Amino acid sequence: MTGQLKDHLRLYLVTDPQLCAQTGIVETVRRAVAGGVTMVQLRAKHATTAQRIDLAMALKAALQGTGVPLVINDDVTAAVAADADGAHIGQGDIAPDKARAMLGPDRILGLSCETPQTVRDADPAYVDYLGLGPVFGTDTKTDHAQPTGFDGLADLIALSSLPNVAIGGLKPDHIDGVLASGADGMAVVSAICGQADPKAAARAFHSFKPEHKT
Ligand SMILES: Cc1ncc(COP(=O)(O)OP(=O)(O)O)c(N)n1
Ligand SMILES: Cc1nc(C(=O)O)sc1CCOP(=O)(O)O
Ligand SMILES: [Mg+2]
């Protein structure tokens, strides 16, 4: 599971329905997957659970047959109702043990960690991967924590054996720095959502190939 999950984490598209509005979230995801995206998150911060379920069902249909997992941000109820592949939660969201109880043993659970203590506290009994950041400041998440930079990211990665994905202000120019930090994946929003050509935007990350990849 861990090796396969690391492969999925390699280029992780976190979708923002507002940012994707021009192309549409489903079409953005379709094109981004054609460009090499390996995992997708529905992050609809202003939606209701019912709206998230509808969006998740549409994304699931678009992802069918691709092998690309769909994870729902914040809303474990929506993840289960839509039969998504998993959920992503942060430190201020539902507790990991409660999320795991709702998701069951097989769905993916991701947890955001911004500090050494939160990384140490992430319990592999409940959590499958860590979202680490923000690496850089970003307008996409206005309430983000202090950026870690590449050195801070490497320090967080060293504290846990859980698979991880770096997030926050990441662009193709950062591929070498993220690789050197030891991350398993790069998670991006604005580098793909809202770009005129989501497929080309995803392709620009193709050289991100962590060590465990053959
Ligand atoms: C892959 C990934 N990493 C981190 C986050 C941030 O989650 P959270 O801290 O709960 O903040 P919101 O995204 O809910 O605003 C994420 N969504 N995905
Ligand atoms: C959703 C999210 N989580 C973050 C964290 O630090 O946990 S930063 C972030 C937004 C990332 O967007 P962009 O790729 O446009 O910078
Ligand atoms: Mg959250």
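Each Cβ is built from the backbone N, Cα and C atoms, and glycine gets one as well.
Per TrEMBL, the feature 4-amino-2-methyl-5-(diphosphooxymethyl)pyrimidine binding site maps to Gln41, Leu42, Arg43, Ala44, Lys45, Asn73, Ser112, Lys141. Annotation comment: TrEMBL describes Asp74, Asp93 as Mg(2+) binding site. According to TrEMBL, the feature domain 'Thiamine phosphate synthase/TenI' maps to 11-192.
Shown on the structure are the features that TrEMBL records.
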residue	record	DSSP class
Gln41	4-amino-2-methyl-5-(diphosphooxymethyl)pyrimidine binding site	strand
Asn73	4-amino-2-methyl-5-(diphosphooxymethyl)pyrimidine binding site	strand
Asp93	Mg(2+) binding site	coil
Ser112	4-amino-2-methyl-5-(diphosphooxymethyl)pyrimidine binding site	strand
Lys141	4-amino-2-methyl-5-(diphosphooxymethyl)pyrimidine binding site	coil
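Once Cβ contacts within 10 Å are tallied over all protein chains shown, the binding-site residues Asp74, Asp93 are led by Asp74.
Checking the binding-site residues Gln41, Leu42, Arg43, Ala44, Lys45, Lys141 for a CB within less than 6 Å of any atom of ligand 3 leaves no residue at all. A gap of 14 Å separates the Cα atoms of Lys141 (4-amino-2-methyl-5-(diphosphooxymethyl)pyrimidine binding site) and Asp74 (Mg(2+) binding site).
For ligand 1, the neighbouring binding-site residues among Leu42, Ala44, Ser112, Lys141 are Ser112, Lys141, by Cβ distance under 6 Å. Just so you know, of the binding-site residues Arg43, Lys45, Lys141, the Cβ with the fewest other Cβ atoms around it within 10 Å is the one at Lys45. Only Ser112, of the binding-site residues Gln41, Leu42, Ala44, Asn73, Asp74, Ser112, place a Cβ under 6 Å from an atom of ligand 2. Summary for the binding-site residues Gln41, Asn73, Ser112: the Cβ-based neighbour count within 10 Å is maximal at Gln41. Across the annotated binding residues for 4-amino-2-methyl-5-(diphosphooxymethyl)pyrimidine (Gln41, Leu42, Arg43, Ala44, Lys45, Asn73, Ser112, Lys141), the two most widely spaced Cα atoms sit 16 Å apart.
Most buried of the binding-site residues Leu42, Ala44, judged by other Cβ atoms within 10 Å, is Leu42. Taking the domain 'Thiamine phosphate synthase/TenI' (11-192) as a whole, pLDDT averages 98 in the prediction.
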